[in-house]
Ligand code: MRU
């Protein structure tokens, strides 16, 4: 089994939470310290830490911070739940912490550590399941960042790519740049290059031409929330990639732990989609690129319908041709 990546995005150190500031990667590597749940919520909202599983783990540690300091936990749960709306892992982690039914800081910290460790184990399991779906010498296309930075370690979609690389199955990775936050350019390319996995960065708008000319075997992406019928919310741009993949006869894989499923929702129409500030579209790293006062819309996620997805890889196994029946068959059987 491949080892998980050495990149550490979330670390509990000396009774504080240390987060690698993902806003300034790859050129600066700086940890930000959180001492309260409110500071932790702010770090999630401001994208210091991002990626569905990483947000959940971070929120769990945020609860531990306030519990250890004897602060009001009701307020801690509330401020963290309001940090970002789409990734269900956040709410899953908060519910799991609350389910302990205690305000004891050490017990809550131990639970946060367990959530963190389990996520790494889930990713390593997904890596094996996902890698088995790839042919030899595979070329793959990925979107956003789903690696060690976005999770407890190893990654979901990027974890599959890592595991497949370790098994000698990857020839080349194409990484979409992922406007407007450029998670693909700044984070995925960086993680892959650190592992010496061959990667070419692609402008989001170049995907159709690349698919026509090169026809990568698989598009592999992560997820922020998966509903009972197998619809998948993920980073904006994912839906277009799924449409393109189907048009070009390519296969489309989603990698997500069971903590990303929200079986209380029937379909992707019910998923709350985060709308982020216009300035993220009209400017680039603080420099205005659109005309002053230009309007913009900035949905952070989109929904890919289940019928465009060939496989959802979880730590429990693979859901082929996701539907209400196939999702329930895998999740209920455990
Ligand atoms: O806005 P972000 O960077 O938090 O969005 C991240 C994604 O959309 C990822 O693809 C998803 O969370 C899966 S991460 C393993």
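Backbone N, Cα and C atoms are what each Cβ position is placed from, and that goes for glycine too.
Unlike curated entries, TrEMBL annotations are predicted automatically.
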Among 84, 162, 212 - the residue TrEMBL places in the same substrate site as 50, 51, 52, 183, 234, 235: 84
Those recorded positions in 84, 144, 183 whose CB falls under 6 A of ligand 1, listed in sequence order: 144, 183
Substrate site shell beyond 50, 51, 52, 84, 183, 234, 235, criterion: Cβ within 8 Å of Cβ centroid: 55, 87, 144, 145, 146, 150, 222, 224, 300, 301
Cβ atoms near residue 183 (substrate binding site) (within 10 Å, other residues, all chains): 27
Cβ neighbours of residue 84 (substrate binding site) where a neighbour is any other Cβ within 10 Å: 21
Binding-site residues: 50, 52 - member with fewest neighbouring CB atoms within 10 Å: 50
